[in-house]
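The structure appears right after this line, and notes come after that.
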There are 2 protein chains.
Amino acid sequence: MAGKAKEMVESWSFLDTVESNFRPLVVIELAKGTKEETIEWFTKRIVDKKANGGAQLLIKPLVTENGVENIYLVGASHLRLLLGAETVGLVKECSDNSMRTFTYSSRKTFKHFADDNHNFLTMAECQYIIKHELENLRAKDEKMIPGYPQAKLYPGKSIVRRLLTSGILVQIFPLHDREELKKLCHSWYGRVKIGYQPLDDIRCYFGETIALYFGFLEYFTFALIPMAVIGIPYYMFAWEDYDKYVMFATFNLLWSTVILEVWKRICAILTYRWGTLLMKRQFEEPRPGFHGVLGINPVTGREEPVYSSFKRQLRIYLVSLPFVCLCLYFSLYVMMIYFDLEQWALDYHEENESNFSNLMLYVPSIIYAVVIEIMNRIYRYAAEFLTSWENHRLESSYQNHLILKVLVFNFLNCFASLFYIAFVLFDMKLLRQSLATLLITSQILNQFAESLLPYWLQKRYNRKMKKRMCSKKTDMDLSLAEQVNMEKEMGTYLGTFDDYLELFLQFGYVSLFSCVYPLAAVFAVLNNITEIYSDALKMCRVYKRPFAEPTANIGVWQLAFETMSVISVVTNCVLIGMSPEVDALFPDSKIDLVLTVALVEHLLLAIKFIMAFVIPDKPRDIQMKLAKLEFESLEALKQQQMQLAAESLEE
Amino acid sequence: MAGKAKEMVESWSFLDTVESNFRPLVVIELAKGTKEETIEWFTKRIVDKKANGGAQLLIKPLVTENGVENIYLVGASHLRLLLGAETVGLVKECSDNSMRTFTYSSRKTFKHFADDNHNFLTMAECQYIIKHELENLRAKDEKMIPGYPQAKLYPGKSIVRRLLTSGILVQIFPLHDREELKKLCHSWYGRVKIGYQPLDDIRCYFGETIALYFGFLEYFTFALIPMAVIGIPYYMFAWEDYDKYVMFATFNLLWSTVILEVWKRICAILTYRWGTLLMKRQFEEPRPGFHGVLGINPVTGREEPVYSSFKRQLRIYLVSLPFVCLCLYFSLYVMMIYFDLEQWALDYHEENESNFSNLMLYVPSIIYAVVIEIMNRIYRYAAEFLTSWENHRLESSYQNHLILKVLVFNFLNCFASLFYIAFVLFDMKLLRQSLATLLITSQILNQFAESLLPYWLQKRYNRKMKKRMCSKKTDMDLSLAEQVNMEKEMGTYLGTFDDYLELFLQFGYVSLFSCVYPLAAVFAVLNNITEIYSDALKMCRVYKRPFAEPTANIGVWQLAFETMSVISVVTNCVLIGMSPEVDALFPDSKIDLVLTVALVEHLLLAIKFIMAFVIPDKPRDIQMKLAKLEFESLEALKQQQMQLAAESLEE
């Protein structure tokens, strides 16, 4: 094995005559015992010239004290990366401060570009380019992966995806940059400070999707502060007057519309600066897990697996839908058990009144909160399994179906008991208590399960590793090998889904019943401040570095938050209508009360929609910049046509 | 003058060595007494080469028996038109049935293209191209229009627009094609038949905007038929049971959502076939009436008039808004007078009951309907004046502000009395009567004012003209001259705004109170059938031929119709809740009734939004075709980059 490795070390360098220093960017881990011929074929395809259908990257086996362990480091020459940046359509800042799509031929016009400046592309961008190039390494005339006859290939199939699905390729992940990471950690969460997160640095290191999540988290926390500040006196002085309630609720409802609209503008500002607002959408390839019989894709005209949409619909409506309904039913069933428990605790408290029994009153809520969290997590796995079984062709379609399933269940699971208490039991005291317990318990559980537990596990593992390593530190390359070995064992960050979901549920707790429990916003703010720190810790210390993903907005979550804000108008109006203070205002006619509430609700909804319509999604200066770009490209096209026309007419 | 004309006739032909037959497409009418130097300069710019900043079109003065009358005919060579088609970005069908943006270099791949096939571009397309070229004829270093020192120019200003605003250019309009028009009339409304309109022929002759209006009118009429059919028995048998009412209203509400969503799909099918779905938006130039001090446009970097957005906001909020509110107040005041009249008629009927007095009951409604129509028309002019005074830079912004002003006023003006009767007076009988009278009277008035009156005036004028002409028919060219002279006196079609507005108000009458007056849909269907004929007549016989306008959808009207359909959910739910039959179902508790109605309303609204979200806006095959085009363009780009990359890496 070691001889082979030596040969490889030589083999990567002969292609790379320009760069003398190989910078490892991405790690490829193959399964133990992968056949020699497979490794040879795969590495040859990676280093092969573009013209021969290769990726023209650099690859080097990782040499540790145990010899070669089927771990490879991938890098690329500076020129290759620049050409790759053009292929993926990166948008960078020009010398005149405008954002433009990078092309190799116009490279001189970009800010900070110099032929010897290897930092023109950030490390995250380089890793994204390498990932893109690896994923676009496609089978030519191979019918199968050499050495694995059961792993079929067809022309145009992504080799890396086939290797992943057949288990030969264990994982591909980008390497951390220890130095950069240290700097980032320091400015991000290293010191306790009041101030903004270094979003641009986060974006440079982790990419746009993650930076946008942290941007949203920060923005959302700031946006909740006014609600929290106004909420505190309501709690402290137990203000229960009619006007104050209505004022608070109205403020909340309009405020939540404003913050969601303003977020779109801030998002546009951020993503314009990062270049992703202008980035053209890439053509979506089938997702790795998609399977079917080989057919012709009507769009591309290429041979690829085809799966009948009818069969998928059958799976969705005959299996997934009933399953989701069953889960919803089960969730409601659990809720009823909780109410029994609640009743039992109340009875117990009434029979033997003591401090202990008073404390016991909170126990059912806490148990229920824990059960909700557990059910959410189990359901999450089931939903993932089901959605993947539905065999969606595109990742986006898979994501939409998954998000819809998860959102519906989580919404019902978390809020059904509160709706029941509010609108069936009419017990405002229990609602307040239940809401508080659910909110706080779920926040504590989440913080623990999401960051602290993995962090502690990781730390323990690292200590063990280090001890083992340090004892025989001889090889010059060990520091890198040590890093790779440590990072490959770290957990994989599965995307921002869970983080957004947590915020979404929190937004529900804060807004749905805000007029009953104004303190919810205070807890949300407090939670989010620690959340920023624990999420930052999670990203930097607990998980493998994720690949950067360019994105221009928070996608479907914007819609989810807006829907929640519409629902909260309805719930709050009804809650206010039910309060005894408001009731007392209409002593003669309950109908007038209901009609007034309905009228106010419709007015609020109308104002919400008008506000959402009137507030532009992009700030004026971004609009101008986009218009300018569009004008320039149209003008260039026109110039081209004019020339052609002049020539044609001259003839 | 005649000598000058002779010179011109010679001058146009020397440029056109390819075409021997000049086909007049567009007519330019200059003001009587326009200075010679102005005419010379203007015609020179039109025929001048593209390279010199001209339009390189052909122009020929119209010679009538009175000599030259400052009327010019504009045409273009076949080659010029093809190049123009590329400039405006026309999308045509290829030989492989896909739609592609036309370029001169790829002309051979398009269906029906042949170098000698002069029908490859329809006449409407040719006229659109000529209009575009004329409007894009821009001042170079002229400081003013020669001969008119007060008509200032600056580099880049559209010459035609300046000529129009300074009154030197009276009008530009495209010529009718008598033969084509005859064919179109015959297939469109020439014979009474059950069947679809020849939308593709209408589109070829009048362009996409008008064809889409007729497509929408036809679709909407068909869509109303189920509502009309279900509505008839309700009226005939006076069904007033609770379940039947609710069923009808529920059907209507969901149906109106479905038809609006399905229209989007049909619209996509039509505009894909016509190529406008794929057409790229052109960069919007300032509208002709826009004025301001000369400054630098931040988007284009060009010198052009600039008007502060703050001043415009001031005009909107300090003048327009109060004016609109005043108009709304006046409209409500007129409404109250109508109710006084109504009361008076009722008193009269009660005092001396007779057939006459029974008839008198309808008089106030009829008078009110006429007054509403008159107010709508007067307000329309005021709104146009105000919006133009607001000095919007772009035509689209002007249109949006105008449409918003007009819609709000028309909505209140037409429906305020009905809302008042329904929700303040609770008089369902009066509501039904009032609704019927308003609907029918407005339909009759509209048909008369819109088509029949202009048609009759036009016919009378034509007869006079013909008599005068026929007496001395000698010149070979007279037939064309006669046509031009006739057409230039015809009214100008001001766009589809009024036609859509009429449909919008009709939709309001049908849907807002549909459960009270199911027969409204029947009247709407009947009206629309005659509307198709009278609008067709109007387009073909009454008005000048309008320039074709490419469009991909019905724009803001889709939103207006959808908003109306949301409002109608609320009104219908309330109406049903108020009906005595439903009232009787909740004998004990009125609150339960109101709550049930509110619940049903929210459910319906939720279903509406979910339906609108779930139904895709484009049919699957159109989506596929669009995806295919996108894929191809991405693929071409990638190929280009790959080549570049391979070359760069070879070096």
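From the backbone N, Cα and C atoms, a Cβ is placed for every residue, glycine too.
According to TrEMBL:
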type	residues	note
DOMAIN	A:202-628	domain 'Anoctamin transmembrane'
TRANSMEM	A:219-239	transmembrane segment
TRANSMEM	A:245-263	transmembrane segment
TRANSMEM	A:316-339	transmembrane segment
TRANSMEM	A:359-379	transmembrane segment
TRANSMEM	A:402-423	transmembrane segment
TRANSMEM	A:503-526	transmembrane segment
TRANSMEM	A:593-615	transmembrane segment
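Tallying C-beta pairs under 8 angstroms between the transmembrane segment (A:503-526) and each of A:219-239, A:316-339, A:359-379, A:402-423, A:593-615 places A:219-239 first.
Most Cβ pairs under 8 A with the transmembrane segment (A:593-615) among the ranges A:245-263, A:316-339, A:359-379 are made by A:245-263. Below 8 angstroms of C-beta separation, residues 320, 324, 327-328, 331-332, 335, 338-339, 368, 372, 375-376, 379-380, 383-384, 386-387, 430-431, 434-435, 438, 442, 497, 501, 504-505, 508-509, 512-513, 516, 556, 560, 571, 574-575, 578 of the same chain, each at least six residues beyond the ends of the transmembrane segment (A:402-423), sit close to that stretch. Among residues of the same chain six or more beyond the transmembrane segment (A:219-239), those with a C-beta under 8 A of the stretch's C-beta atoms are 245, 248, 251-252, 255, 259, 262-263, 266, 503, 507, 510, 514, 518-522, 524-525, 528-529, 532. Sequence-remote contacts of a segment are chain residues at least 6 beyond its ends whose Cβ falls under 8 Å from one of its Cβ atoms, and for the transmembrane segment (A:359-379) they are 327, 331, 334-335, 338, 341-342, 344-346, 348-349, 406, 409-410, 413-414, 417, 433-434, 437-438, 441-442, 445-446, 449.
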